[in-house]
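What follows is a single structure, written as structure tokens, with notes after it.
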């Protein structure tokens, strides 16, 4: 007949209140911590453990790691127990601190070392090692030789290049051979172990592996140094710019970011080495070139390298404000200028109708500074007299129209010398 079995787990489910802000309150699980008065000695070794947990635990559970019974209780004997290790070995110790809110466990591996009486005259080893070569080109094979004292019986090696750590007892582990596949500078660690303990020798920057088995003088075996220039760095939109790669180190691939939101280009042909790019919009742009070869890559960044303006002469006059002041001048360059005077001042005459104009000259262009007003008046003060001897003492140009089109009517008052 089948039977039944029951497993009981005390303090197994913990429900924490979200309303208690005090981290020391029993409503929060404790944080387990402990220390020992001695961590190494000979059998039999008696160790006094001291609870250092925070969070007000009310119960303590200990596992001394030597196969003895786990102890669990709420009195001070359980909080700060004493335990005797009767066999040689290296032991892990666990303490679990418990309160009404939950539990937490502190684990210390290799914490207690118990030596046999035969080990009284034996000391832990002093790790030391050497190599047949400390520098060379990838792939670099290095022969390591153990030089440790103290009769180690086990050796553990970390070659520093991300390869697996090796650990063993044979001659192969005592004096291993390792091949470094990639260029770099590597730290090497050897741990020598015997029945009395262990010791580690660390040699930082010990192995230097260069990019190839060729001479350092071959630049193609080193990361390139990116550099470039442009045939033009400032102009008006649309602005076509020819970039020329000047990188050293024999790059075989080029990657460009022109800084205007256009797709990054990346390739290995001359079109990618020396590309041409057109900037469609006004702005100041950063340019990045990354030069790449089999060894690595390098990026040159030139901030504010390309300046693209929206139109010619736009910098000549500041158009801010609701109207153009009397101090803003322009020169009328129409071919009809010599025929604009009259003999009887003052005389009003419509000289010419144009559609748009800049501040410095009148021509057929794609912009106008006519604002939302129907009429804008500009005072014109030419610097030279007309060729027939008349001098203009006052010249008022009234611009009538909208943003789409403008009519310039010139009122010219002249006097005879």
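Cβ coordinates are placed from backbone N, Cα and C, and glycine is handled just like the others.
Unlike curated entries, TrEMBL annotations are predicted automatically.
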**Report entry** Per TrEMBL, the range holding region 'Disordered', considering 316-345, 346-375, 376-405
**Finding:** 316-345
Query raised in the report: Taking every residue in the domain 'PKD' (224-313), what is their average pLDDT?
Result: 93
Query - Counts of helix, strand and coil residues, the domain 'PKD' (224-313), according to DSSP - result: 4 helix, 50 strand, 36 coil
